[in-house]
């Protein structure tokens, strides 16, 4: 401890001898509610156990004396402490004005009590408005104040109250190294700060109740098992009462949906608590078979309940502090504990604005077991505090000294951060290139890798695994949590099994290939595989024009013609995984031959390969090039040359393009008459050249009932990779926030 490093052993010995010779240190411990008593009780027991050094006076006030909050002063009597004074200081109303009036009433009553007791030092705990009244009274009456748990950071008005008490207090007992640094940064005298740990941890870490099942059954019922119930404790947030009540309502809805036995403790006496109780009664929590609603649980029993719970949920400091000693999962809701140091067992839901988000947090946390945390103490706080009390020199002046050290920031888990960093590995297995990318939940391609696609099966699979492993390692550096791997490939794919049944002629030796197993084994991640047309449709559904559309069709116009069909928000695969082979819709019985072996398919007219074939014919007849065009001898004729010629006024090239667009348009009309989608999305490099012709064909050839369909060009830069990522992101989250 820093205090004992700075204080010489000789000085400490002299001070202790001086205090022994003069008189016992008269200590007044004032407790306001069930929560602060759990922290003060271990100190009170320690003081009582050393009557040769201390005299103890106990003052009880606040919600301890209110029946609606369990008359918790009785547990102080059961602990065999003599209560010197009971002060009724709470003005009922449970609103902001009542809190102010309660502070005022306590300030009126306390001077008489302190005049009679004349303590040498008053011990005040925490950040409650009652404690502020105690500290104010003692400071104005020149009574030394020892403040427990100063320097911590949390949300709501409690933060301001805690720091106000710090400025009034003469001595400080803090629980963590960060709290100590905060006190120093707040200009408190380093020599008057003791880093002791939380007194309640002395009891928590030594709790060895073998009969915990009787405690669980008493509060939750005979049929409840350990790790199969929830403890809920939520208080109003006085700086945003309406939102905290709404959040409490959403919490109860989520707990009802989660369908686990739950012990709900009534909120504290802060403004807004009355409305929270009304919400409980409105939802029938006190009579719900899955819930037990109680005003108070004795601390010894409460320890056993949270130690063996499947989860604790709410916004109580107990969840982020004490429960960590048992490794019990905790869901901390809202801003009331913002800034608290937490163990890895705590999952924060800062913006608990939907039931789904809270329910998702319950599904993530319930039943887990985390390592026990000792952030707030090691079980030896009370001996340190007693030693500190003995070392206080009552002849020392009360004037404070000041210093200005730096403060370290605290970093903790946050559900919004988790959701933002969820990502997928996307693999696009093309005819020429193999591409792997890290894609975020928002559709951002964080990092992309491209390699030429090897010719043989073995080399191709080896390269896929190598690139995926490299990308997964890089994901850690760019702060992305990889949820799985999605693979987009040409041909017919058994999406359920992750097997490529028959690939396109562009990818040789790629038939009946299990892609899922080797990738999953190498990365220890789930893997999804699907046809590139289906992936393009998924990309549109998640990131593009298809977002929120119930029924739509995507057509890919590239080297080949493919597509995907989304019906009632779900992708259609078909009975043999051959649905949406839109490129092979026949639009002419005596049309050109298609790569599939048939004649007159859309792909035989409108694909990049088909346009390249027609461009070569024109070039061979010396009918392709027009003024403004030139080609090198070694340059291969492509579809791009045909499109360029059409733009420069080549009538034959323009006629070929128009015929291709009409073939595609007729195919779309067939799709409209079969599926009746509300949207058709043209994707790929040729889409912009076909869209107007397709619309013209629909107006001339389609039934009037489907002519109103929207036909748009995709705005997605890389639908193959985004679609592969959508395979992962859609099926691993499956929730809307």
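Glycine is no exception: its Cβ is also placed from the backbone N, Cα and C atoms.
The model shown is predicted, which means the values in this text are computed figures rather than measured ones.
For 532, the entry in TrEMBL reads active site. Note: residue 532 (active site) has non-local neighbours 428, 488, 489, 490, 556, 562, 720, 723, i.e. same-chain residues 6+ apart with C-beta under 8 A of its own C-beta.
Remark: residue 492 (N-acyl-D-mannosamine binding site) has 500, 501, 502, 503, 531, 576, 577, 578 as non-local neighbours, by Cβ distance under 8 Å and separation of at least 6 in sequence. For 492, 504, 532, 581, 584, 603, the entry in TrEMBL reads N-acyl-D-mannosamine binding site.
The annotation Zn(2+) binding site is assigned in TrEMBL to 584, 594, 596, 601. In the shown protein chains, 22 other C-beta atoms lie within 10 A of the C-beta of residue 594 (Zn(2+) binding site).
Sequence annotations record features per position, and here TrEMBL assigns domain 'UDP-N-acetylglucosamine 2-epimerase' to 53-390.
Separation of the C-alpha atoms of residue 596 (Zn(2+) binding site) and residue 581 (N-acyl-D-mannosamine binding site): 11 Å, rounded to the nearest whole number. What surrounds the Zn(2+) site, by Cβ distance within 8 Å of the Cβ centroid and not counting 584, 594, 596, 601, is the set 583, 586, 595, 597, 598, 602, 603, 604 from the same chain.
The Cβ of residue 603 (N-acyl-D-mannosamine binding site) has 27 neighbouring Cβ atoms from other residues within 10 Å, across all protein chains displayed. For residue 581 (N-acyl-D-mannosamine binding site), the number of other Cβ atoms no farther than 10 Å from its own Cβ, over all displayed protein chains, is 18.
A distance of 13 Å separates the Cα atom of residue 581 (N-acyl-D-mannosamine binding site) from that of residue 594 (Zn(2+) binding site). Between residue 594 (Zn(2+) binding site) and residue 603 (N-acyl-D-mannosamine binding site), the C-alpha separation comes to 7 Å.
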